[in-house]
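A.B. asks: So TrEMBL lists the following for this protein:
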type     : residues : note
DOMAIN   : 1-474    : domain 'Amino acid permease/ SLC12A'
DOMAIN   : 485-573  : domain 'SLC12A transporter C-terminal'
TRANSMEM : 12-35    : transmembrane segment
TRANSMEM : 56-77    : transmembrane segment
TRANSMEM : 110-131  : transmembrane segment
TRANSMEM : 136-155  : transmembrane segment
TRANSMEM : 203-223  : transmembrane segment
TRANSMEM : 244-267  : transmembrane segment
TRANSMEM : 287-312  : transmembrane segment
TRANSMEM : 333-350  : transmembrane segment
TRANSMEM : 356-380  : transmembrane segment
TRANSMEM : 392-412  : transmembrane segment
TRANSMEM : 418-435  : transmembrane segment
Amino acid sequence: GFVVGHAGLYQALAMFTVAYFIIGMTVLSVCAIATNGALDAGGAYYMISRALGPEFGGSIGIMFFLANVCGSALYVLGLVEAVVDSFGIPPGQEAGTGVHVLPQSYWYELLYGTVLLALCLLVCLVGASIYAKATFLIFLIVAAVLGTILVSFFATRPLKVPIRLPNGNGTETDNGFFTGFSLNTLRDNLGGEYGVDYTTGQMMSFSSVFAVMFNGCTGIMAGSNMSGDLKRPSYSIPRGTISAVLFTYLVYNLLAFLMCATCNRILLQKDYGFLRDISIFPPLVTVGIYAATLSAAMSNLIGASRILYALARDDLFGRALTLAKKTSASGNPVMAVILSWLVVQVVLFSGKLNTIASVVTIFFLLVYATVNLACLALEWASAPNFRPTFRYFTWHTCLLGIAGCCVMMFLISPVSASASLGFLLLLLLALHYLSPSSTWGYISQALIFHQVRKYLLMLDVRKDHVKFWRPQMLLMVQNPRGSARLIDFVNDLKKSGLYVLGHVELQDLDMLPSDPLQPQQDSWLSLVDKLNVKAFVSLTLAPSVRHGVRQLLFTSGLGGMRPNTLVLGFYDDEAPQDGLARHPAFTSAREEVPLGFPPLRAPTSPKLLSAREYVGIVADALKMLRNVLLARQLESLDKAWELRRAASPPPTIHVWPVNLLRPDSARYADTCSLFLLQMACVLNMARAWRRARLRLFLCVEAGTMPHAQEEKLRQLLKDLRIQAQIQLVPWDAITRLHWQTCHGPPGGPAEEEEEEEEGVVNFPTNTAQVSDEYVCAANKLVLEQSPAPAVRFLYLPRPPADTSLYPLYLHQLELLTRGLGPTVLVHGVSAVTSTQL
């Protein structure tokens, strides 16, 4: 009557259609989730948490708990209004007459609500079985009352109904009319005519009337909330919920039409209890109203207690809800019932039904939107295990349900809707950072997998362009204990590219009962989390390290995301240091180093690979057209200290883009030199290294027009948009040592071999062309450039074609980089720089 009186028949039917459209879409989602596996206590909370994960589940669980608590209070207040209408002393009278004996005031009505709520508490404390019996009895009563009301519309003759309403000075008297079926009455009630709600004194509107009306439709979760108490929830919830929705929709529409055709607007607007006046047996209507509101109050109270119990049992809020876990001998969560009752009691202080109606409606709409979201996510994730037996839904119905809920939330009360969403977001963030990890599975992972697979298929390597090149690193790590700072350094070098930590375990699977790499995977993933690097982990079994690295170079990555650069630690005789124990990720948080990694190799223990095999790995990578980086003494790089130094002078990065082991081929614009420049620039672009300055060293000889060379190099840097300081370094004394050893001037056979430098297979035997004396002099030249940099980038020559020269090649690299501190030797085979837009 309240809805029809203010909104008229057309708008009332529109409200029912909108409300039941939203509810219908949500019911389809509820039925789909409920039939996709075993359900436990918690209803909608259980469904959402197991579908969307603990963050969404916990935050929506709290919202749904509050919705049920406020809903229970709302129905108790509605029952109080009905009791006061029937038995309250009329306004303006000091003493009651006949049955009108109950005093009316805020505190008296609060007392009546407390008594009625205590009755609900008593039923819920006894347990779900007595509640089920009580609600079934109430259902029979309500059905009987409904039958008499429908008969009354036809059987009752036209009558005048006196109405007494309180106003500022006392009471106001008016008359409402029950006209019987009348075309004029129906015509008068077709349109909307919003007035003042006499219980609150507030002017009504479409949104405020819809908010009150929608609370009569929110019982669709009553069955779901009892999921832990049902014998066959997957069978009962869809059938019970759908039949209840259809039944109530038909009843509401039928009642709306009958009221519009028989009652004038004054009666509908100013006497919400008019059904008693027109009934053939008025006391039965009173009983029916009491029964319906009592049933709804109990349903919301027991639903709230089950949600609270499920939240407590899942330990999402730690010790805050420990008390709610306690149950009776029969399994009834008595403490959750009592806590829910206390919260409802607090809400009762709001005083009037229509005051909290909009808040309750928004809470329920938010929960319904999230149920639809859960179903939508499960459908979009296309997980093979999402196979609900209820098939009458699609992602379209889920999306329509979400849109309908969100639109109605903001139509009802933009402020309350925004506040509710803000509260939900705070809960989400709190649970994300504070709640323990769960074993329920995360729908986000399924959705990410689905999207990543789709986009990986779209990533076409045939469309690669040098303008969009980025480093994709494969860093080989023997033991992370000795490589923590190198792992961190390569993370700065990747420039949003792929980063893979590779590890080779020297074992034979034929001789093992199971895969030994599976137990290690968790330790490596924990390491990635602790060091806060954006890397994947790839582990392999192989008979030798060289074979293992080949495997990883061939198989790491997927589609267009494959490593294009191999990074190795340097092969020398230095004793490895445990940098993991000193890493800030463990020292600042006082956390233990992951125990899955073995102790470091003792200095006297044999190495896992020989010098020949190590150089062979470099040669293999170059054959596969992978760029190679060799990192020496990176564990001595204290990045935090280097970058915290006083602003003047800032830390520097020294770049030597010339092949110091081939002084007869001192070119700055070959592929390898440009790649070296690019890597130094990429490091400088990393957030942690932006204060550093690039310093580029141009080695010049007398009589070669050094200023022209400098200007040419400066123009190249300008074209490549690389900001670097160029420093001229005379090296006549160094090259003189080289020519004395070679016994020949520039332009001889050595330069002819240089032409093969860009080839893939024919490697020049450059190690035979320089002496140790020359290499030591070159090392001294690099070392003398001051101030000392944070890190140096040097040109890495190709390994010789003759494998017998591998040890000599490695020996000369060791001499060249001895004592230089953190140094990266770079050899590039990719064209990585572009001057185009």
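Placement of Cβ uses the backbone N, Cα and C atoms for every residue, glycine included.
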A.B. asks: Counting by DSSP, what is the helix, strand and coil composition of the domain 'SLC12A transporter C-terminal' (485-573)?
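C.D. replies: The composition, in the requested order, is 37 helix, 22 strand, 30 coil.
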A.B. asks: Is the transmembrane segment (12-35) in contact with the transmembrane segment (136-155), using at least 3 Cβ pairs under 8 Å (sequence separation of 6 or more) as the test?
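C.D. replies: Contact between the transmembrane segment (12-35) and the transmembrane segment (136-155): absent, because fewer than 3 Cβ pairs are under 8 Å.
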A.B. asks: Answer yes if the transmembrane segment (110-131) and the transmembrane segment (287-312) have at least three CB pairs under 8 Å among residue pairs 6 or more apart in sequence, and no otherwise.
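C.D. replies: Contact criterion met.
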A.B. asks: Considering only Cβ pairs under 8 Å, which range in 56-77, 203-223, 333-350, 356-380 makes the most contacts with the transmembrane segment (392-412)?
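C.D. replies: By the under-8 Å Cβ criterion, the transmembrane segment (392-412) pairs most with 356-380.
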A.B. asks: Is the transmembrane segment (203-223) packed against any residues at least 6 beyond its ends, judged by a Cβ distance under 8 Å, and which are they?
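C.D. replies: Here the qualifying positions are 2-3, 6-7, 11-12, 15-16, 18-20, 23, 26-27, 30, 43-44, 64, 67, 71, 74, 192, 194-197, 230, 236-237, 240-241, 244-245, 248, 252, 296, 299, 303, 353-354, 357-358, 360-361, 364-365, 367, 408, 411-413.
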A.B. asks: Between 12-35, 56-77, 244-267, 287-312, who has the most Cβ pairs under 8 Å to the transmembrane segment (418-435)?
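C.D. replies: Counting Cβ pairs under 8 Å, the winner is 56-77.
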A.B. asks: Calculate the per-residue pLDDT averaged over the domain 'Amino acid permease/ SLC12A' (1-474) and state the result as an integer.
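C.D. replies: Averaged over the domain 'Amino acid permease/ SLC12A' (1-474), per-residue pLDDT gives 83.
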A.B. asks: Tally Cβ pairs under 8 Å between the transmembrane segment (287-312) and each listed stretch (12-35, 56-77, 356-380), then give the stretch with the top tally.
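C.D. replies: Top-ranked stretch among 12-35, 56-77, 356-380: 56-77.
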A.B. asks: Can you name the far-off residues of the same chain, 6+ from the ends of the transmembrane segment (56-77), with a Cβ under 8 Å from a Cβ of it?
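C.D. replies: That would be 42-46, 48-50, 113, 116-117, 120, 215, 218, 221, 225, 293-294, 296-298, 300-301, 303-304, 307-308, 310-311, 314, 316-317, 340, 343-344, 347-348, 350-353, 356-357, 359-360, 363-364, 366-367, 370, 374, 420, 423-424, 427-428, 431, 435, 440.
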